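Have a look at the structure below before the remarks.
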């Protein structure tokens with residue numbers, strides 16, 4: 001005990017437990033006031049960027065990623081709106097061609113060859129477009145070889161439809177395959193603890209996988225977020241320091257078939273080495289744990 005106090009100061013206390021389960025002989029710590037977190041426990045970051053200039057143009061330049069990052073309600077709204085506008089626009093183009101050629105007034109004339117057979121108003125032009133785009137034509141409406149402008153519009157419709165389908169369906173597929181829901185079955189301990197393990201003062205927390213499907217190449221990392229001031233007087237509001245959780249020994253590579261205890265030894269290389277128990281309770285910092293892996297089923 002004297003060696004422990006000599007190394008870490010008088011503010012540290014040795015925690016002992018009795019076999020009868022009487023509990024700790026350490027007084028209960030005072031409740032801390034809740035403060036704003038940089039990263040919530042569900043993984044959402046609370047950091048917002050502002051006053052950068054040109055944010056809208058930067059987001060629009062990478063429109064695909066912007067759509068993937070949107071909420072589901074906006075994705076569905078854009079999905080339905082884009083298809084509705086595209087369908088109405090292309091159906092209007094077929095109706096305009098029929099109107100200019102005079103096919104609408106002679107649609108029931110058996111001796112006249114229209115651009116598109118049996119298109120005599122806008123609903124029929126819309127149905128022809130849907131049948132062509134969805135490849136569910138019933139043989140009642142069809143394009144003839146007497147209409148070169150219709151053939152050009154048909155080629156344009158095929159190219160535009162392929163682009164819209166690839167963009168929107170690809171966006172929806174990627175959004176559905178995102179691992180956010182899978183992360184809800186990865187459990188972390190509610191609190192971290194500092195205690196002696198193998199004769200070393202150690203920061204410990206637990207992580208577990210609720211599903212039977214394994215995570216391949218699971219790796220865990222820890223980041224310490226805290227503000228600090230450099231010797232030159234520069235203030236760093238969100239400095240990031242790496243916490244060693246077994247990188248040198250390979251302990252950061254997890255075989256996550258059962259709950260595991262992750263350990264960070266508080267030695268001379270640890271950012272917590274110069275902190276006492278009292279200062280650790282008042283110090284403003286945050287530990288972010290990052291678990292990466294590949295789900296074998298997907």
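Each Cβ is built from the backbone N, Cα and C atoms, and glycine gets one as well.
Taken from TrEMBL, the feature region 'Disordered' applies to 1-35.
Sequence annotations record features per position, and here TrEMBL assigns domain 'Potassium channel inwardly rectifying transmembrane' to 39-179.
Summarising the annotation, TrEMBL assigns transmembrane segment to 76-100 (among others). Only residues 6 or more beyond the boundaries of the transmembrane segment (76-100), in the same chain, are considered here, and those with a CB under 8 A from a CB of the stretch are 67, 70, 114-116, 119-122, 125-126, 128-130, 133, 147, 149-150, 153, 157, 160-161, 164, 168, 172.
Sequence-distant neighbours of the transmembrane segment (112-130) (same chain, 6+ residues past either end, Cβ-Cβ under 8 Å): 87-88, 90-92, 94-95, 97-98, 101, 103-104, 106, 136, 140-144, 146-147, 149-150, 157. Summarising the annotation, TrEMBL assigns transmembrane segment to 112-130 (among others).
For the transmembrane segment (150-174), the residues of the chain that approach it from at least six positions outside its boundaries are 64, 67-68, 75, 78-79, 82-83, 86, 90, 93-94, 97, 115-116, 129, 132-133, 143-144, judged by C-beta separation under 8 angstroms. Among the features that TrEMBL reports, transmembrane segment is placed at 150-174 (among others).
Within the domain 'Inward rectifier potassium channel C-terminal' (186-298), the DSSP-based counts of helix, strand and coil residues read 6 helix, 61 strand, 46 coil. Feature annotation from TrEMBL assigns domain 'Inward rectifier potassium channel C-terminal' to 186-298.
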The domain 'Inward rectifier potassium channel C-terminal' (186-298) [mean pLDDT, rounded to integer]: 86
For the domain 'Potassium channel inwardly rectifying transmembrane' (39-179), the number of residues DSSP places in helix, strand and coil: 85 helix, 4 strand, 52 coil
